[in-house]
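Participant: Dropping the structure in here first, questions after.
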Amino acid sequence: MLKFSKMHGLGNDFMVVDTINQSFFFSKKLIKKWSNRTRGIGFDQLLILEPSNCVQFDFFYRIFNSNGLEVEQCGNGARCIGLYCLLNNLFCKKKIILKTQKNFLFLKILQHNIIEVNMGIPCFSPKDVFYNSSKKKLYYNVKILNNIYTMSIVSLGNPHCVILVSDLKNFPVQTVGSMLSKHNDFLYGVNVGFMQIINSKIIHLRVYERNTGETESCGSGACAAVAIGIRNKLLNSRVKVYLPGGILTISWIGEGKCLYMQGSATHVYDGKLLY
C-alpha cells in the first residue's frame with residue numbers, strides 16, 4: 001500500500017510520494033499508468049521526496065514527467081514539496097534545503113500555503129541550455145514552419161527559451177511550442193515560454209513544457225521569462241507573472257545573483273494506492 005498526496009501549484013498538478021516513511025518501487029510504465037487522467041490518479045508530474053544522506057541538505061527532490069522521464073527541475077513542485085513537509089511534520093523549521101539532479105533549492109515558508117523558493121542563479125550560456133550555438137547572446141533566431149522567431153535562452157537547472165509576443169491569447173502556442181520544444185538545436189529539448197509584457201512590473205505567460213505540453217502554470221518557466229526580461233532591460237527587478245492557473249511573483253536583481261519565486265501551493269487530498 002503506497003501513501004501519496006495529490007497537490008497543485010496554480011493548476012500544475014502532482015502526485016507526491018515520500019520514501020522517508022515507506023518503501024517505493026516504481027517504473028516508467030507505472031508512472032504513465034498513474035498519470036492517466038481517466039484511468040489513473042492524473043497529474044503533470046510525479047514528485048518524490050527522499051531522505052538526505054548528508055548535512056548539506058534536508059531532502060532529495062526528484063521529478064518525473066507524466067511520460068515517465070525524469071527531469072531536472074520543477075518550481076511549482078518545489079512549493080508543493082514545501083507544503084507537503086509542513087503538513088506531514090517532516091521538519092521543525094521554516095526553511096528547507098532540497099537537492100535536485102542539478103542544484104540546490106532553498107525554500108522558505110512565508111505563510112501556511114505561500115512558499116518562497118530560491119531558484120539559484122540563472123545561466124544564459126548556450127552550453128547550460130545544451131543549445132547549438134558558440135556565442136552567448138541576448139537573442140537568437142529560430143525557424144519554425146517557414147517563420148523566423150526571436151528567442152532568448154536560460155537555464156534554471158532545466159533548459160528554457162522565451163519568445164516575446166504581442167498577442168498571447170491568439171498566438172499559436174501549441175503549434176510553435178510543440179515544434180520548438182523538440183528542435184534539433186536543443187540537445188535535450190527545451191521548455192518554451194511565450195511572454196507578453198503588460199508593463200515593466202507585469203507579464204502574461206504561457207508555457208509549453210517539453211514532453212508534457214502546455215500546462216496551467218510553470219514555475220521555472222515564470223522564472224525564466226522574468227530573468228530574460230530583466231537581462232534584456234524590459235522588466236523591473238520584481239515582477240508579477242500571470243499564468244492561466246494563477247499569479248507568481250518573481251524577484252531578481254541581476255546576473256550572478258539568485259532568483260526568487262513566491263507563490264501558493266495547494267493540498268487536494270491524501271490517498272493510498274495498491275500496486
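Any Cβ shown, glycine's included, is placed from N, Cα and C.
What you are looking at is a predicted structure, and each value in this text was computed from that prediction instead of being measured.
Reproduced below are the annotations present in TrEMBL:
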{"type": "BINDING", "residues": "ASN12, GLN45, ASN65, GLY75, ASN76, ASN158, ASN191, GLU209, ARG210, GLY219, SER220", "note": "substrate binding site"}
{"type": "ACT_SITE", "residues": "CYS74", "note": "active site, proton donor"}
{"type": "ACT_SITE", "residues": "CYS218", "note": "active site, proton acceptor"}
{"type": "SITE", "residues": "TYR269", "note": "site 'Important for dimerization'"}
Participant: For ASN76 (substrate binding site), just give me the three-state DSSP call.
Facilitator: helix
Participant: For the substrate site given as ASN12, GLN45, ASN65, GLY75, ASN76, ASN158, ASN191, GLU209, ARG210, GLY219, SER220, which other residues of the same chain have their Cβ within 8 Å of the site's Cβ centre?
Facilitator: ASP44, ILE63, VAL71, GLN73, CYS74, GLY77, VAL207, THR212, THR215, CYS218, GLY221
Participant: Using a Cβ cut-off under 8 Å and a sequence separation of 6 or more, which residues in the same chain sit near CYS218 (active site, proton acceptor)?
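Facilitator: The answer is ASN12, GLY75, ASN76, ASN191, GLY193, VAL207, GLU209, LEU243.
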Participant: Would you mind reading off the Cα separation of ASN65 (substrate binding site) from TYR269 (site 'Important for dimerization'), to the nearest angstrom?
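Facilitator: Approximately 20 Å lies between the Cα of ASN65 (substrate binding site) and that of TYR269 (site 'Important for dimerization').
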Participant: Which site among ASN12, ASN65 has the most other CB atoms no more than 10 Å from its CB, taking these as binding-site residues?
Facilitator: ASN12
Participant: Could you find out if DSSP has the residue listed as 'active site, proton acceptor' as helix, strand or coil?
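Facilitator: Note: the residue listed as 'active site, proton acceptor' is coil by DSSP, not helix or strand.
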Participant: Can you count the other CB atoms that lie within 10 A of the CB of SER220 (substrate binding site)?
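Facilitator: Around SER220 (substrate binding site), other Cβ atoms within 10 Å: 30.
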Participant: Of the recorded positions listed here (CYS74, ARG210, SER220), which is spatially closest to TYR269 (site 'Important for dimerization') when Cα positions are compared?
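Facilitator: Checking each of CYS74, ARG210, SER220 against TYR269 (site 'Important for dimerization'), the shortest Cα distance is to CYS74.
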Participant: Between the residue listed as 'active site, proton donor' and ARG210 (substrate binding site), how far is it from one CA atom to the other, in Å?
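Facilitator: So the Cα of ARG210 (substrate binding site) lies 12 Å away from that of the residue listed as 'active site, proton donor'.
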Participant: Specify the secondary structure state of ASN191 (substrate binding site) as given by DSSP, simplified to three classes.
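Facilitator: In three-state terms, ASN191 (substrate binding site) counts as strand.
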